[in-house]
Structure formats: structure tokens, C-alpha cells
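Asks: Right, I'll just put the structure down here and ask away after.
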Amino acid sequence: MSALPSPSPRPARSQYEDFLRHVRDHGVVKADRTGTGTTSVFGHQMRFDLREGFPLVTTKKVHLKSIVLELLWFLRGDGNATWLQERGVTIWDEWAAPDGDLGPVYGVQWRSWPTPDGGHVDQIAEVVKQLKTNPDSRRIIVSAWNVADLPKMALMPCHAFFQFYVAPGDSPSARGRLSCQLYQRSADIFLGVPFNIASYALLTHMLAQQCDLEVGDFVWTGGDCHIYSNHREQVELQLSRAPRPYPTLQIKRRPPSIFDYAYEDFEIIGYDPHPAIKAPVAV
């Protein structure tokens with residue numbers, strides 16, 4: 001088993017809530033593709049030290065099952081929502097065709113980026129290879145933004161590009177400390193961003209385990225960061241609540257590869273969120 005070390009008591013962190021408040025107070029009113037309307041700022045960054053806890057938002061309950069299964073679905077290289085639907089996850093249903101097809105979305109690009117000669121690049125396998133053999137590389141990058149495939153996608157990638165970085169580790173037994181930075185070109189702060197933070201933090205933990213690394217930071221960088229107009233009441237409710245300490249993540253086993261994890265391999269310990277807050281998805 002591998003457990004995330006954390007100080008006791010764990011501190012309550014408010015980067016996400018501070019970000020939400022900043023956009024509410026300083027954003028500009030903008031139109032958007034969905035016709036819903038937003039309050040938006042351009043450019044924001046948050047840094048989460050994964051040694052201090054697992055960054056799962058506490059000012060509302062976040063549906064962890066959907067986060068974990070969606071990440072495993074991405075790692076399968078899947079472009080059809082059926083696998084998720086069979087496991088009770090409906091977060092992609094609004095964009096899926098009747099047969100579940102979504103086109104060459106995230107997982108397809110991660111695992112099967114097409115090359116001009118008719119081949120494919122498995123970007124995730126390449127990340128694992130580089131982390132194990134060349135951890136100082138500045139090219140440990142995954143992109144979901146395949147310009148040629150964008151018209152075929154049911155939804156163009158919002159979280160589009162991420163990079164890994166290995167620093168010296170704190171423990172003599174570790175090969176280094178793994179950090180990840182995500183660039184998210186479009187960020188639905190109330191509904192989407194809590195999922196995205198947790199998803200990439202989880203991926204960082206998984207890769208660290210597979211590559212004998214400690215976890216470092218997860219850095220979230222956003223482009224168009226927005227609150228939808230029909231989320232304003234929900235945002236006010238969330239911002240009226242005090243953040244609580246982050247939980248910790250325990251990975252119960254080390255599977256043979258990054259592609260062999262199961263939902264049951266993960267346990268979140270000490271998650272004590274405020275109640276969930278429902279809001280409509282802008283399609």
C-alpha cells in the first residue's frame with residue numbers, strides 16, 4: 001500500500017475558493033458557445049502541494065466515483081461513453097451519440113495520437129518510459145489538442161495539455177519528486193474545475209507509484225476561467241462555507257502498469273465535505 005504523508009493536523013486550503021471569489025468579483029461578462037453567458041477572467045494559476053493532502057474540494061461534496069472512473073476511461077483510450085454508462089457514470093451523456101460515440105476525445109488522443117504514416121503514438125506509455133529513463137527531460141508532455149481531429153470530437157478538449165517535472169526527492173529511497181502542470185483552455189470553475197484538479201492529482205499519484213517517485217505539486221493553469229450565469233446562486237452558497245482540511249489518498253496495490261488500475265484500488269481517507277450543490281451543465 002502507498003499512502004500520502006501529510007502533516008497533522010492537515011491545514012485547510014482555500015486556493016480554489018479564493019479563485020472562485022476572484023472571478024465572481026473581478027470577472028467580465030462575456031457571451032459563450034453555449035448561449036448561457038459567463039463571468040470570466042483570462043489566465044489564472046493554482047498550486048497544490050500533494051504532500052499536504054489530496055486536493056478534493058471540501059466546500060461541496062464532489063462525486064469521486066465519477067472522477068476515478070473517468071480517468072480510468074481516459075487511460076483505456078476509449079472514445080465511447082458506454083463503458084462509463086455501464087458503471088453508472090453519466091457525465092458524458094450530454095455529448096454522446098445514441099450509441100455512446102464521442103469521436104476521438106481525450107483518451108483516444110492520449111493513447112492513439114495518429115501519425116502521418118498511419119501509425120499511432122501512445123503518449124501515456126511514452127510518459128512512463130521517459131519518467132523511468134530520462135526524468136530530467138523537458139519534453140514529458142501529453143496533448144489532447146489534435147487540431148486535425150477537433151472537428152470529429154463531440155466536445156473539444158477543455159483540459160488540453162499537461163507536462164511532468166521530476167525534482168530531487170525528499171526520501172533516499174525515492175528516485176525523485178513528481179509534479180504535473182495542466183493547461184486548461186476553458187474552465188467551468190463551479191462544475192468542472194474541482195473534477196479536473198482531483199483527476200490530474202490522481203494521475204500524478206498513479207504515475208509516481210509506477211515510476212518509484214514521490215509526489216510533488218499539481219499546478220493548475222487556466223485560460224478562459226468562467227462562472228456560468230446559471231451557477232451564480234450555487235457559487236454564493238459555496239462561498240458562504242468554510243473550507244475544511246483535504247483528505248488523503250491511499251492506493252491499495254501497485255498494479256503491473258499505469259493501465260491496470262481498478263476503481264477499488266483507491267481509497268480517500270478523511271474526506272469531510274459540506275453537502276453537494278447541484279447545478280446545470282452548459283452544453
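Just so it is clear, glycine is given a Cβ too, placed from its N, Cα and C backbone atoms.
What Swiss-Prot lists as active site, nucleophile is Cys158, and the listing cites sequence analysis. What Swiss-Prot lists as dUMP binding site is Arg33, Arg138, Arg139, Arg185, Ser186, Ala187, Asp188, Asn196, His226, Ile227, Tyr228, and the listing cites sequence analysis. The (6R)-5,10-methylene-5,6,7,8-tetrahydrofolate binding site annotation in Swiss-Prot covers His63, Asp188, Ala282, and the record cites sequence analysis as its basis.
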Asks: Spatial neighbours of Cys158 (active site, nucleophile) among the binding-site residues Ser186, His226, Ala282, defined as Cα within 10 A: which are they?
Replies: Ser186
Asks: Of the binding-site residues listed here (Arg139, Ser186, Tyr228), which is spatially closest to Ala282 ((6R)-5,10-methylene-5,6,7,8-tetrahydrofolate binding site) when Cα positions are compared?
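Replies: So, spelling it out, the nearest of the binding-site residues is Tyr228.
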Asks: Might you list, by sequence position, any residue in that chain lying six or more from Tyr228 (dUMP binding site) with a Cβ less than 8 Å away from its Cβ?
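Replies: Looking at Cβ-Cβ distances below 8 Å from Tyr228 (dUMP binding site), excluding near sequence neighbours, one finds Asp32, Thr34, Thr36, Gly37, Thr38, Asp188, Phe190, Ala279, Ala282.
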Asks: Roughly how wide, in whole Å, is the group His63, Asp188, Ala282 that binds (6R)-5,10-methylene-5,6,7,8-tetrahydrofolate, by largest Cα to Cα distance?
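Replies: Largest Cα to Cα distance for the (6R)-5,10-methylene-5,6,7,8-tetrahydrofolate-binding set is 18 Å.
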Asks: What's the CA to CA span in angstrom from Arg139 (dUMP binding site) over to His63 ((6R)-5,10-methylene-5,6,7,8-tetrahydrofolate binding site)?
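Replies: Roughly 33 Å, rounded to the nearest whole number.
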Asks: In whole Å, note down how far the CA of His226 (dUMP binding site) lies from the CA of His63 ((6R)-5,10-methylene-5,6,7,8-tetrahydrofolate binding site).
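Replies: Between the Cα atoms of His63 ((6R)-5,10-methylene-5,6,7,8-tetrahydrofolate binding site) and His226 (dUMP binding site), the distance comes to 21 Å.
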Asks: If you count Cβ atoms within 10 Å of each one, which of the binding-site residues Arg33, His63, Arg139, His226 comes out on top?
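Replies: Comparing the binding-site residues Arg33, His63, Arg139, His226, the most crowded Cβ belongs to His226.
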Asks: Measure from the Cβ of Cys158 (active site, nucleophile) and count the other Cβ atoms within 10 Å, all protein chains considered.
Replies: 18
Asks: Give me the count of other Cβ atoms within 10 A of the Cβ belonging to Ala282 ((6R)-5,10-methylene-5,6,7,8-tetrahydrofolate binding site).
Replies: 20
Asks: Among residues Arg33, Arg138, Arg139, Arg185, Ser186, Ala187, Asp188, Asn196, His226, Ile227, Tyr228 annotated as binding dUMP, what is the maximum Cα-Cα distance? Answer in Å.
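Replies: Binding-site diameter by Cα atoms for dUMP: 36 Å.
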Asks: Please state whether DSSP places Asp188 (dUMP binding site) in a helix, a strand or coil.
Replies: strand
